[in-house]
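**Q** I have a structure here, written as structure tokens, and I will follow up with some questions on it.
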Amino acid sequence: MNTVLKILMAGVDEVGRGPLAGAVVTAAVILKKPIDGLTDSKKLSPKQRNLLAIRIKEEALAFAYGRAEVEEIDQLNIHHATLLAMRRAVEALPIQPDNVFVDGAFTPQLNIPCKAIVQGDSLIPEISAASILAKVLRDEEMVALDKIYPGYGFAEHKGYATPVHKEALMRLGPCKIHRRSYSPVADLISK
């Protein structure tokens, strides 16, 4: 009897550390087999990301999302909130991985061996897949939030500190999904 032991590896990445508004969203992905076209989500067009996200969801052995809400970001800081969201994504996987690879320089606290890989979203297919899923989900959320909080342009800039967003922030003031701990939101509140 020939038994092959397959090590299950999860890739984890985040989207939304830098924006002035919205949650930080993470994904964890365990792939069954390689998927052509996987790379860092920032190197793909929205159309390419959306098509790959469909394939990842169909072909991955498992995937899950994690998040840290604006209140958690403001309370913990973005670094700790991101690690919390990463842990939530891994813990939400329906299958427990043997190893976890995380994009970046830091790893969340897990009861599984975990390694941080700088630029992992360009190097490790599982991290690339996680990058794509997290980006597509967060972008969809920001488009939906644009309808709830009109005037800020969330559908276009996804909460990042663009000139249009800063101008809207000055004109309208912060809304519920703005990160109070982030400048220029904090600067505006303190005036």
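Cβ coordinates are placed from backbone N, Cα and C, and glycine is handled just like the others.
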**Q** Hey, Swiss-Prot has divalent metal cation bound by ASP13, GLU14. Any idea which of ASP103, ASP139, ASP146 it lists too?
**A** ASP103
**Q** In the same chain, which residues outside the set ASP13, GLU14, ASP103 have their CB within 8 A of the centroid of the CB atoms that define the divalent metal cation site?
**A** VAL12, VAL15, THR26, ALA27, MET86, VAL102, GLY104, GLY120, ASP121, ILE127, ALA130, SER131, ALA134
**Q** Per DSSP, ASP13 (divalent metal cation binding site) is which: helix, strand or coil?
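**A** Note: ASP13 (divalent metal cation binding site) is in a strand by DSSP.
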**Q** Indicate the candidate from ASP13, GLU14, ASP103 with the smallest number of other Cβ atoms within 10 Å of its Cβ, considering only these binding-site residues.
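**A** Relative to the other binding-site residues in ASP13, GLU14, ASP103, ASP103 has the fewest Cβ atoms within 10 Å.
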**Q** What mean pLDDT does the predicted model reach across the domain 'RNase H type-2' (7-191)?
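**A** Summarising the domain 'RNase H type-2' (7-191) by its mean pLDDT gives 96.
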